[in-house]
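Participant: Have a look at this one.
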Amino acid sequence: MRGIILILALTIYITSAAESFLHAELEDDTEAEIADWSDVKTDGKIRLITFLIGIDSAMTRYYNYDEARIRSAMIVLMHTVNQYFYPLNIRLSIIDILPVKGTNMGLDDFISWKKEQQNLIEHDVTVLLRHNYEGGIAYSNGICSKNSLMISGFLPDATMNNAWVFMHQLAHVIGLTHKQQTKCECNTAINGRCLKLSGFPECSVQEMVDKLSNSSCLIQESPSFAKNTVVPKKGSLPVCGNGLQEDEEECDCGPERFCDNILCDAVKCRFIVQKAYLTTFIPLGFAFIAFVILLFGKYCLCSLFASLRNTGHREQMEKNRGDIENLNDVDVEQAPVRMRVSRNEEPTIPVENRRTRLSDLYVTMRPISRFWEKFHKQKDGSVAPI
């Protein structure tokens, strides 16, 4: 009997020591600020991971069975985790929160509880949050299988620590181990922390992203100009900042530091301007812009046609001027007499070249009848020009 008691005590001690070691490791590895994982290389697709979260009896008692307080605590936890996963093109969503009867449950106990449940909402990962538990445990590489389960400790006053423990266990479910298996490069690595996930070696973030790209069970979508998020599952809890427009949200552009929608308040997931005003003023704005474009286009076309008309008129004037100059330079032998046409198309007046213009003056000094007589003789060719 004593031997059995000693074995049980030793098992409890080893388990507690392992949990304390994990907690100490995470505490030493936890960063005060959100890590910069911008150097990670993705395939460009956005993936959605949905969670069904169970909370043990100790946690429900702590929150005095207040569903609103429990829900608020879960949203804060998921919002913090999303700060890290959003730049990796990973969206996290809570599909449901359920109470789990029992305390200090292990992974086998949690599996038994899940098997007893009926009509659970479809989800990707099942999570049990244990109150005042400092560690966590999960099935390695359990994603996309019936073993996609994990237990994560929850300390009500340690939001950041809860987030790191949650991410650590989720990384195990995705398939990460504590041995470095992937190489990566960082432009801003500090003290050997290149794409390092808490409790894992360097490049663990890149390895996690690579493994997720092979998980065919997850909803994935290629971003486009008009749509850059996947559609959340119906009934999921609104987690502001996860990039999914869920119930009770007017908009969701992701964490505040990544939000590129100037009309959306990233903290409240509400439009900065009321939606009723947007539906009125935006069409009016587009109509005004279209009107200005039409006016500008009309002005440009009118200017173009006027320029073409002026160009044609100038070319005609230059052509007429050239014809007149050529007419004045023609020799008598080549063109004895030519006719000059006025610009206003008045009746033509007989004109001779420069060698006969003095004669014109002399002829015009004669009586009118003699002038016309001489003119007709010149025209018939019977008399040489004067």
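Placement of Cβ uses the backbone N, Cα and C atoms for every residue, glycine included.
Okay, so TrEMBL annotates it like this:
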- His168, His172, His178: Zn(2+) binding site (BINDING)
- 47-216: domain 'Peptidase M12B' (DOMAIN)
- 1-17: signal peptide (SIGNAL)
- 281-308: transmembrane segment (TRANSMEM)
Participant: Tell me, roughly as an integer, the mean pLDDT over the domain 'Peptidase M12B' (47-216).
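Facilitator: PLDDT averaged over the stretch: 91.
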Participant: Taking the Cβ of each of the binding-site residues and counting other Cβ atoms inside 10 Å, which one has the highest number: His168, His178?
Facilitator: His168
Participant: Determine, from DSSP, whether His168 (Zn(2+) binding site) sits in helix, strand or coil.
Facilitator: helix
Participant: Report, as numbers and ranges, which residues of the same chain sit near the transmembrane segment (281-308): CB under 8 Å and 6 or more residues beyond its ends.
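Facilitator: Counting only partners 6 or more residues beyond its ends, the transmembrane segment (281-308) has Cβ contacts under 8 Å with 273.
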Participant: Counting across all protein chains present, how many other Cβ atoms fall within 10 Å of the Cβ of His172 (Zn(2+) binding site)?
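Facilitator: Other Cβ atoms within 10 Å of His172 (Zn(2+) binding site): 22.
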Participant: Near the Zn(2+) site, what residues other than His168, His172, His178 in the same chain have a C-beta no further than 8 Å from the centroid of the listed C-beta atoms?
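Facilitator: Here the nearby residues are Ala138, Ser140, Gln169, Ala171, Leu176, Thr177, Gly199, Phe200.
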